[in-house]
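For reference, the structure is listed below as structure tokens.
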Amino acid sequence: MAARLLLRSLRVLKARSAPRPPPSARCSHSGAEARLETPSAKKLTDVGIRRIFSSEHDIFRESVRKFFQEEVIPHHTEWEKAGEVSREVWEKAGKQGLLGINIAEKHGGIGGDLLSTAVTWEEQAYSNCTGPGFSLHSDIVMPYIANYGTKEQIEKFIPQMTAGKCIGAIAMTEPGAGSDLQGVRTNAKRSGSDWILNGSKVFITNGWLSDLVIVVAVTNREARSPAHGISLFLVENGMKGFIKGRKLHKMGMKAQDTAELFFEDVRLPANALLGEENKGFYYLMQELPQERLLIAELAISACEFMFEETRNYVKQRKAFGKTVAHIQTVQHKLAELKTHICVTRAFVDSCLQLHETKRLDSGSASMAKYWASELQNSVAYECVQLHGGWGYMWEYPIAKAYVDARVQPIYGGTNEIMKELIARQIVSDS
């Protein structure tokens, strides 16, 4: 890991040397009182010490955890009502070095390793705050620019994105094209040296707050297949004809801004093209495994959070003259949950290590995303059940975790598509 990342973490820890808040403060956004604090992230569900992280990662984790405790959790309820987080928290995240961690320093990023990035994914999940779209911005959008952008594009956008002053989004999904990227209808046509962009996108995370959107568009309808006629464009907020529609009111992830985007004869200069013309589908296929690994990591970390919340609850809740935790059926359910979570954590950690060394393939990433997101929904269901009626109350974190989980098997490619990709690799002759 880069020395810059470690030094920044040490500075933040020194500056924030105040005592750790009492247990209830960790979940103060929920309204529930006297809830035990989630244990150290290294020992969630008693799996023992995870061996993929170094002492530097542990130091960094402490600073990330403090950030979410102090800058995110206290404001999350307010953000849920607004349907968006504040721009201020983006800039604070930038100052703390939480954005663009895995982007090389030469490109304006932090220069940390993938596991440092994973620390931020985990800690956000452990905070039970899904509002800030930091991971999409840093680990889905920024890699496209860093990997396929020109020197000018990198220098213009990456430093501002790392600072949290330019919020990024990526616009793939359309009203009639979700997991089927080859069904995209948004198009860009040449006009001299410029491009004219028309179409619409939907369900775009960070869409409302975005300053920069990577737009997937058809540039060659005569290509031998739709995959050979797609390009990526950098569209900046304020461009004439670029219209942000309404913020969408979702079932879960209520603090995360999600929007419709419309493009009506948006004139784009030649340098708005990201990468090569008609290579967009190839770029998407190269980057989607990381997106799916991200979803898997968020999913298993959410499972760990929900398990700890539930274990703490049943150890305190009394029924039939004893704590619920001492009822055999509850113990068996906890045993099942813990086993499933620990086994899945081992697989996701293995995928993280593979991806750190550039060896994670599409099939493995798809398996991780499919399995972990399905488990997340299963764990959410069982944990709400173990909370009884209180689990249905919004003031309890488990209720929010339940509705936030539902989208995980849908975005990033539905789990039905994940099975197709896994099966394709299994039966392939190569």
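Glycine too: its Cβ is placed from the backbone N, Cα and C atoms.
In this structure, Glu291 (active site, proton acceptor) is part of a helix by DSSP. Within its own chain, Glu291 (active site, proton acceptor) has Asp139, Ile140, Gly412 as residues 6 or more apart in sequence whose C-beta sits under 8 angstroms from its own. Annotation source Swiss-Prot lists active site, proton acceptor at Glu291.
According to DSSP, Gly388 (FAD binding site) sits within a helical segment. Annotation comment: Swiss-Prot describes 170-179, 203-205, Arg317, Gln328, 385-389, 414-416 as FAD binding site.
The substrate binding site feature in Swiss-Prot is assigned to Ser179, Ala227, His228, Tyr282, Pro289, Gln290, Glu291, Arg292, Gly412, Gly413; the stated evidence is similarity to another entry. DSSP assigns His228 (substrate binding site) to a helix. Other C-beta atoms found within 10 angstroms of the C-beta of His228 (substrate binding site) number 15, with every protein chain shown included.
According to DSSP, Lys66 (N6-succinyllysine) sits within a helical segment. What Swiss-Prot records for Lys66 (among others) is N6-succinyllysine.
Residues or ranges marked as N6-acetyllysine in Swiss-Prot: Lys66 (among others). Of all Cβ atoms in the shown protein chains, 20 besides its own fall within 10 Å of the Cβ of Lys66 (N6-succinyllysine).
The Cβ neighbour count for Lys81 (N6-succinyllysine), using a 10 Å radius and every protein chain shown, is 10. Feature annotation from Swiss-Prot assigns N6-succinyllysine to Lys81 (among others); the stated evidence is a large-scale study or a structure entry.
Per Swiss-Prot, the feature N6-acetyllysine maps to Lys92 (among others). Counted within 10 Å of its Cβ, the other Cβ atoms near Lys92 (N6-acetyllysine) come to 16, all protein chains included.
In sequence order, Trp90, Glu91, Gly94, Asp211 are the residues near Lys165 (N6-succinyllysine), counting only same-chain partners six or more apart with C-beta under 8 A. Among the features that Swiss-Prot reports, N6-succinyllysine is placed at Lys165 (among others).
Secondary structure at Ser191 (phosphoserine), as computed by DSSP, is strand. Annotated phosphoserine per Swiss-Prot: Ser191 (among others), in sequence order.
As annotated by Swiss-Prot, N6-succinyllysine applies to Lys240 (among others). Within 10 Å of the Cβ of Lys240 (N6-succinyllysine) there are 9 other Cβ atoms, across all protein chains. For the recorded site, Lys240 (N6-succinyllysine), the DSSP three-state label reads coil.
Annotated N6-acetyllysine per Swiss-Prot: Lys279 (among others), in sequence order. The 10 Å shell around the Cβ of Lys279 (N6-acetyllysine) contains 18 further Cβ atoms across the protein chains shown.
In the three-state DSSP assignment, the secondary structure recorded for Lys318 (N6-acetyllysine) is strand. Within 10 Å of the C-beta atom of Lys318 (N6-acetyllysine) sit 11 other C-beta atoms, taking all shown protein chains into account. Annotated N6-acetyllysine per Swiss-Prot: Lys318 (among others), in sequence order.
The C-beta environment of Lys322 (N6-succinyllysine), restricted to residues of the same chain at least 6 apart in sequence and closer than 8 Å, is empty. Swiss-Prot lists Lys322 (among others) with the feature N6-succinyllysine.
Taken from Swiss-Prot, the feature N6-acetyllysine covers Lys322 (among others).
Counting only same-chain residues at least 6 apart in sequence, those with a Cβ under 8 Å from the Cβ of Ser362 (phosphoserine) are Met285, Leu288, Pro289, Leu421, Gln425. Residues annotated as phosphoserine in Swiss-Prot, with a large-scale study or a structure entry given as evidence: Ser362 (among others).
Annotation comment: Swiss-Prot describes 17-39 as region 'Disordered'.
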For substrate: widest Cα to Cα gap among Ser179, Ala227, His228, Tyr282, Pro289, Gln290, Glu291, Arg292, Gly412, Gly413 in Å: 23
Tell me whether Asn415 (FAD binding site) sits in a helix, a strand or coil according to DSSP. helix
Ser191 (phosphoserine) and Thr205 (FAD binding site), compared by Cα position, are separated in whole Å by 30
Take the Cβ of Ile170 (FAD binding site) and count every other Cβ within 10 Å, whichever protein chain it belongs to. 25
If I take the alpha carbons of Asn415 (FAD binding site) and Lys92 (N6-acetyllysine), what is the distance between them in whole Å? 35
Please report the distance from the Cα of Lys240 (N6-succinyllysine) to the Cα of Thr173 (FAD binding site), rounded to the nearest angstrom. 22
